[in-house]
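As written in TrEMBL, here are the features:
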- 12-33: transmembrane segment (TRANSMEM)
- 53-75: transmembrane segment (TRANSMEM)
- 82-102: transmembrane segment (TRANSMEM)
- 108-132: transmembrane segment (TRANSMEM)
- 190-208: transmembrane segment (TRANSMEM)
- 238-258: transmembrane segment (TRANSMEM)
- 279-299: transmembrane segment (TRANSMEM)
Amino acid sequence: MKKRDTILRSIYNVLFPVIGALFLGGIVIAAIGENPFTTYAIMIQKSLLSGGGLLKTLHFAAPLILTGLAIAITFKANIFNMGVEGQAVLGAFFAGVVGFTVKGLPPVLHIGLCVLTGMVVGMLFALIPAVLKAYFNVNEMVVTLMLNYVVVEIVKFLSQGVFKDPGSGYVSTYPIADSAMFKKLFNSDLTAFFFIALIVFGLMYVVFKYSKLGYEVTAIGKNPEFSEATGMKVSRKIMTIMLISGAISGLAGAGFLMSEKFRFTLDFSGSPGLGWDGMLIALLGSHNPVGILIAAIFYSALKTGSDYISVFTNVPKDIVGVIQGMLILLLSVKFLNRNFNLADRLKAIWKKAGSKGRKAL
């Protein structure tokens with residue numbers, strides 16, 4: 001019975017913000033004179049029920065799965081790595097540099113080298129806040145947030161300087177070599193990068209559910225002092241968790257560049273960015289790998305479907321931004337309720353007001 005209640009609560013935690021966001025988005029769509037049911041039907045049809053649309057959705061879900069997992073492993077340990085965006089961008093940049101500077105390698109080796117570069121760079125950039133948090137107890141949220149701005153300046157300087165492609169009409173690096181690109185599969189947008197993301201998902205599922213590290217991550221998140229008292233080297237575990245997060249973030253950025261962008265530009269990560277989208281997905285998936293996989297595909301389907309609704313309806317594709325904002329709002333309400341028991345307090349206030357009203361009568 002307890003297990004069933006836990007499963008039902010998990011389903012509710014995911015469905016409440018999703019259904020609520022779609023409902024509120026539907027009100028906005030109706031307000032501009034369009035049918036929300038027709039609009040959502042087009043989005044579902046084009047992003048999930050057509051072959052090309054489904055593969056495109058999975059293609060764009062790949063980096064989101066990874067950034068969601070990168071954030072989840074730190075959040076479960078009650079560590080707030082807000083630098084996933086910067087780690088992904090920096091990993092992508094240097095993977096791109098290896099992609100256009102290294103010559104003569106066969107595709108398998110060249111792709112592997114670029115991916116490894118992205119992971120190592122992401123991990124090294126996560127090392128800074130990891131050391132400060134683990135050994136000096138410096139607030140990792142502030143450090144990782146500030147380092148995102150450092151990344152912006154680093155890649156801007158290098159993209160406009162030594163690595164700038166003079167033949168490009170905008171600020172960008174040279175395009176990566178063909179041997180460094182993930183090739184399109186099934187005559188679609190999908191590449192092998194999606195399957196790499198699935199492998200990482202599988203590994204993280206095993207880590208969270210069955211490994212000693214997964215248990216330690218949860219224990220540190222619940223009570224780091226008790227974990228230390230039982231003999232766990234909490235500082236070392238914090239280092240490990242942050243480095244894994246950085247490596248996955250760097251992989252997300254490198255893979256996105258090698259499967260979609262093929263060169264680094266200043267708007268590489270899009271708006272709001274791979275890392276920030278990953279944070280929303282991690283929260284929506286309740287830091288659970290399966291939840292993150294589903295949330296990433298759902299979120300990617302929204303973006304894929306939005307490319308078509310402006311063609312078949314008068315609804316602008318920016319409606320996705322509205323739905324995303326509603327998701328953030330409803331997720332905030334969910335966490336406020338969990339931390340401050342808002343629902344119980346509101347019920348108590350309502351009950352008290354009702355009893356006073358009856359007494360007045």
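Heads up, the Cβ atoms here are built off N, Cα and C, so glycines get one too.
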Exercise. Do at least three C-beta pairs under 8 angstroms join the transmembrane segment (12-33) to the transmembrane segment (279-299), pairs 6 or more apart in sequence?
Worked result: yes
For this session: Might you confirm whether the transmembrane segment (53-75) is in contact with the transmembrane segment (108-132), defined here as three or more C-beta pairs under 8 A between residues 6 or more apart in sequence?
Result: no
Problem set entry | Leading stretch by Cβ pairs under 8 Å, where the reference is the transmembrane segment (279-299) and the options are 53-75, 82-102, 190-208, 238-258 | 53-75
Seminar exercise, completed: Checking 53-75, 82-102, 190-208 against the transmembrane segment (238-258) for Cβ pairs under 8 Å, the most are found for 82-102
Problem set entry | Positions whose Cβ lies under 8 angstroms from the transmembrane segment (53-75), at least six residues beyond its ends | 45-47, 81, 84, 87-88, 185-186, 188-191, 193-194, 196-198, 200-201, 204, 207-208, 217, 221, 241-242, 244-246, 248-249, 251-253, 255-256, 259-260, 274-275, 277-279, 281-282, 285, 287-289, 292-293, 295-297, 299-301, 303-305, 308
